[in-house]
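Feature annotations, reproduced from Swiss-Prot:
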MOD_RES   Thr2  N-acetylthreonine
TRANSMEM  40-60  transmembrane segment
BINDING   His86, His399  Fe(II)-heme a binding site
TRANSMEM  89-109  transmembrane segment
TRANSMEM  121-141  transmembrane segment
TRANSMEM  170-190  transmembrane segment
TRANSMEM  213-233  transmembrane segment
TRANSMEM  258-278  transmembrane segment
BINDING   His264, Tyr268, His313, His314  Cu cation binding site
TRANSMEM  290-310  transmembrane segment
TRANSMEM  315-335  transmembrane segment
TRANSMEM  359-379  transmembrane segment
BINDING   His397  heme a3 binding site
TRANSMEM  398-418  transmembrane segment
TRANSMEM  433-453  transmembrane segment
TRANSMEM  476-496  transmembrane segment
Amino acid sequence: MTAEAPPLGELEAIRPYPARTGPKGSLVYKLITTTDHKMIGIMYCVACISFFFIGGLLALLMRTELAAPGLQFLSNEQFNQLFTMHGTIMLLFYATPIVFGFANLVLPLQIGAPDVAFPRLNAFSFWLFVFGATIGAAGFITPGGAADFGWTAYTPLTDAIHSPGAGGDLWIMGLIVAGLGTILGAVNMITTVVCMRAPGMTMFRMPIFTWNIMVTSILILIAFPLLTAALFGLAADRHLGAHIYDAANGGVLLWQHLFWFFGHPEVYIIALPFFGIVSEIFPVFSRKPIFGYTTLVYATLSIAALSVAVWAHHMFATGAVLLPFFSFMTYLIAVPTGIKFFNWIGTMWKGQLTFETPMLFSVGFMVTFLLGGLTGVLLASPPLDFHVTDSYFVVAHFHYVLFGTIVFATFAGIYFWFPKMTGRLLDERLGKLHFWLTFIGFHTTFLVQHWLGDEGMPRRYADYLPTDGFQGLNVVSTIGAFILGASMFPFVWNVFKSWRYGEVVTVDDPWGYGNSLEWATSCPPPRHNFTELPRIRSERPAFELHYPHMVERLRAEAHVGRHHDEPAMVTSS
């Protein structure tokens, strides 16, 4: 007998199946007991995207309600619950924890560490977030319904008289528990970055994403304990009659100061990591090193420092804050953000650009975030802010900066690192469909809301009069919202299909031009990430490993410092 080998062209890589499947329930047991940072990162991402879908569903209900005046298929109370829980879920149960999803997936790999510094604390942080978020959202199944005082929880709306019932209490306790998980996660990330970098990985050789996670974690340690303390005070007011936020002693403004001193650093806590994600993606698809690495780091540090000095721009309309100071500081924080834009543009400038899905989402992030940033500069001016505060103009502004940053960069990161985590590539055609539906749906929904706010439509209203003239733009906005909702279908199908049947990745770096260390190990990485580490001589160790013939040229062309092989430049006067 002779055996005939198949032609080489017919052979394709397949993922080998395990010798046998484990006993029933073994996967659940593994998920509950795991301390592997990669597994925990995937669990964070799945949980956060699930909450993102729930928050989006609440938003669709609100947009449907506002499509026409007098519709009232939701009661006013239900509408209040929806906008409260929508804001809470999106900001605190999706945006903040998914930061730790990406940090867990990528950060130990980027610094050449076998795991995070405290693996069990890492798992504990995740479960605190899951249970805290579940407690916070559980108000929907109580007789009085969920919390209905807005995600900012302004007093006296949150006191026992105006918001009786379990929904508000569950909201407060859920945020305390989830916030504790966030604080512990930040402690873990700072320790990991400081103590577990590979030999040769100096601070200024760390990837930008790692820098941003470290700075974000420091901000979390500044902001979140304050929120926890403020929430405990609110619970004491509701149950013990503590009178901390009593209007009679100025407590209403005290709550606003405490909340926004958390709230403004919070928006940078959920922006900086996503700046880091796109800063990892632009160089790879531009075939160039990041432009202005050091400047990017200092811009990140500047944003973090300034973010704790602008909180009262949320309070211009109270008349109780120093307008010139907070206005000036808000203008000032736009400067380092603008510097980042020039870094990203400089990275793409004259690069060999290709527009795979991660790059598309990153460019979508830049366009959307730029528009949101410009309306932010408008709102930094108190005379303008007085006119549009608490209107749909503000709603449009913060959705542009938050959706533009978090959602576009989340999807960019998922498409970028999915092959590293699973060993399979996501489908490019579905990815591009997902991007264009998201981009068109988002801008259709929120661009018109600037004009609605300018015409005087207040936020958080469940209805409006036919004579107000708001219906046309609201219909456009609602249509956009449903397009945005539909954009999630190709994404979910893509992840489900590719997880099981996607093209298998057979190389360490499927994109071909990866810079940081995660592209110097297998897809997916082994349990402790690396079997061997390349030498780290710059901020691009994986690129230098895969393109050793480029190293000398990269050193020669790097416009930093003086080259020792050239004579010193002599200047004559």
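From the backbone N, Cα and C atoms, a Cβ is placed for every residue, glycine too.
Same-chain neighbours of the Cu cation site beyond His264, Tyr268, His313, His314, judged by a C-beta within 8 angstroms of the site's C-beta center, are, in sequence order, Trp260, Gly263, Pro265, Val267, Ser307, Val310, Trp311, Thr330. Put simply, Tyr268 (Cu cation binding site) is 14 Å from His399 (Fe(II)-heme a binding site) when counted between their Cα atoms. In sequence order, Gln256, Trp260, Gly263, His264 constitute the residues six or more apart from His314 (Cu cation binding site) in its chain with CB-CB distances below 8 Å. Residues 91, 95-96, 99, 102-103, 152-154, 207-213, 215-216, 219-220, 222-224, 226-227, 229-230, 233, 300, 303-304, 307-308, 310-315, 340, 344, 362, 365-366, 398, 401-402, 405-406, 409-410, 412-413, 416 of the same chain sit 6 or more residues outside the transmembrane segment (258-278) yet have a Cβ under 8 Å from a Cβ within it. With a cut-off of 8 Å between Cβ atoms, the residues of this chain six or more beyond the transmembrane segment (89-109) that come close are 37-38, 40-42, 44-45, 47-49, 51-52, 54-55, 58, 115-116, 122, 125-126, 129, 133, 136-137, 151, 175, 178-179, 181-182, 185, 189, 192-193, 196, 209-210, 213, 216, 266, 269-270, 273, 277, 402, 406, 410, 413, 417, 420-421, 516-518, 521, 525, 529. Separating the Cα atoms of His397 (heme a3 binding site) and His86 (Fe(II)-heme a binding site) is a whole-number distance of 17 Å. Of the Cβ pairs linking the transmembrane segment (315-335) with the transmembrane segment (359-379) and spaced 6 or more residues apart, 3 or more are under 8 Å, so the two regions touch. All protein chains included, His397 (heme a3 binding site) registers 24 other Cβ atoms within 10 Å of its own Cβ. Within the same chain, the residues at least 6 positions away from His313 (Cu cation binding site) whose Cβ sits under 8 Å from its Cβ are His264, Phe326, Ser327, Met329, Thr330, Leu379, Ala380, Asp385, listed in sequence order.
Counting Cβ atoms from all protein chains shown, His399 (Fe(II)-heme a binding site) has 20 others lying within 10 Å of its own Cβ.
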